[in-house]
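As written in TrEMBL, here are the features:
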type   : residues : note
SIGNAL : 1-20     : signal peptide
DOMAIN : 30-144   : domain 'Plastocyanin-like'
DOMAIN : 156-297  : domain 'Plastocyanin-like'
DOMAIN : 379-520  : domain 'Plastocyanin-like'
Amino acid sequence: MERATILLLCLLAGAVAVRGEDPYFFFTWNVTYGTISPLGVPQQGILINGQFPGPNINSTSNNNIVINIFNNIDEPLLFTWNGIQQRKNSWQDGVLGTNCPILPGTNYTYHFQVKDQIGSYFYYPTTAVHRAAGGFGGLRVNSRLLIPVPYADPEDDYTVLIGDWYSKSHTALRKFLDTGRPLGRPDGVLINGQTGKGKNVKPLFTMKPGKTYKYRICNVGLKNSLNFRIQDHPMKLVEMEGSHTVQNTYDSLDVHVGQCYSVLITADKAPRDYLMVASTRFTKSVVTSTGIIRYTNGNGIPASTVLPAAPDGWAWSLNQFRSFRWNLTASAARPNPQGSYHYGQINITRTIKLVSSASSVGGKLRYGINGVSHVNPPTPLKLAEYFGVADKVFKYDIIPDEPLVEKASLVTLAPNVLNVTFRTFVEIILENHEKSIQSWHLDGYSFFAVAIEPGRWTPEKRKSYNLLDAVSRHTIQVFPKSWAAIMLTFDNAGMWNLRSELAERRYLGQELYISVLSPEKSLRDEYNIPDNFQLCGAVAGLPMPKPYTI
């Protein structure tokens with residue numbers, strides 16, 4: 001799709017441009033229950049304006065996005081914008097540590113700017129286990145026309161949302177977790193809300209012969225890593241969670257929960273239908289779904305029933321991670337090349353080692369980080385901090401930077417909040433002592449994914465770090481009995497969620513918040529609380545704090 005057509009498409013979606021500042025795009029969402037049958041069996045789904053999955057948000061760097069959400073389901077609701085950094089604006093992050101939920105029968109308007117970002121993202125509901133019923137959709141941030149992109153404009157731009165799926169309702173799944181039971185195996189895998197099974201399956205996408213298309217592939221599921229591939233069509237990786245990558249070609253990609261990849265695919269094969277395939281990884285029994293890509297001149301010739309094989313084992317997946325490289329010469333949201341930021345030359349000011357664990361508390365399953373399983377207090381952490389009543393709601397730094405391994409599995413329940421000094425360069429180690437793969441996401445930032453290795457981390461392991469061209473991204477997997485290292489500058493003031501992207505782990509406590517406070521309390525560093533912001537818990541009825549100024 002020609003990038004010049006993006007503005008027209010956004011205008012058709014209900015956008016209004018405002019002179020003198022970056023354009024605004026306005027959306028109204030009616031969130032309801034509705035009957036869906038993605039696995040062939042009717043079940044209750046969460047719809048946005050009657051759609052499952054929800055509508056795509058199509059934007060361009062620095063656009064302002066305004067979404068008025070009417071909650072017409074019977075439970076409190078929040079949405080997060082996975083990967084959007086919300087610069088100076090954790091007020092819009094849409095998680096329980098920053099926002100009061102939107103109560104049933106009420107509405108709330110999010111207003112955020114996709115500042116200095118490009119790339120492929122998605123949104124989803126963060127409350128309860130609502131993500132298991134839908135409410136998710138694609139969110140793309142296109143490059144501004146004046147910023148060169150390191151590949152020719154594709155003929156079209158497609159969003160592919162893949163994820164595992166359960167036939168039970170979100171309320172039933174929540175009861176499982178509340179009674180101490182894990183979710184278990186999924187009942188299916190979806191590609192854009194479908195399995196590709198049954199009669200009269202319609203194509204999801206069409207391609208003209210000889211043309212090249214961009215596919216944005218995101219794992220929006222609950223638990224399982226998925227392998228994605230297309231019959232007879234190699235994929236050229238060009239972007240990953242907001243970063244242009246070295247353009248290697250892959251026959252298949254492991255997409256872990258919460259991750260997004262953009263690939264280019266050229267329609268240069270015999271005209272017919274071809275199947276996209278998404279299948280579970282690292283599971284005893286493999287669950288697979290397909291979706292049809294149709295050549296416009298294929299005359300409806302059906303796809304081969306022989307599916308391309310998936311890789312086996314996680315060593316293959318680790319080697320694929322090692323092949324990912326930052327494109328140092330490409331410009332992202334700004335004109336300067338990505339590689340002009342030399343992260344490998346910055347001195348580390350703090351190392352935080354986070355060890356995950358699964359434990360039983362009161363006979364029920366809980367997941368923890370450094371011996372603490374997070375619980376959300378009635379007052380959002382950000383509000384407690386802003387109103388000066390944090391000491392009545394939570395304590396900072398109740399976990400050590402270097403946990404005692406033998407105590408990591410002894411879990412206590414409490415709000416888990418780390419205090420990180422503004423603008424310091426920090427190394428975070430994510431260590432997995434368990435037998436299952438994990439996936440971690442950090443709101444408010446991109447980080448450099450410098451290493452994933454088997455075993456336990458020690459300082460000597462820094463010798464294996466990629467300090468030149470590790471991809472800057474927001475989600476990273478940690479393989480069983482392995483560790484991952486990420487590095488970043490905490491230059492975005494706010495309260496930011498570091499969480500397991502696996503729904504059952506997050507719901508049962510495997511998350512924490514990172515408080516990054518600017519000592520200046522200046523609008524240069526953080527925005528004031530929005531005028532429409534909902535107050536709840538201990539801050540309801542309190543006088544508003546003095547607003548920040550320049």
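Heads up, the Cβ atoms here are built off N, Cα and C, so glycines get one too.
Where the annotation comes from TrEMBL, it is an automatic prediction and has not been curated.
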Counts by DSSP class (helix H/G/I, strand E/B, coil) across the domain 'Plastocyanin-like' (30-144): 7 helix, 53 strand, 55 coil
Arithmetic mean of per-residue pLDDT over the domain 'Plastocyanin-like' (156-297): 97
For the domain 'Plastocyanin-like' (379-520), residues assigned helix / strand / coil by DSSP: 23 helix, 57 strand, 62 coil
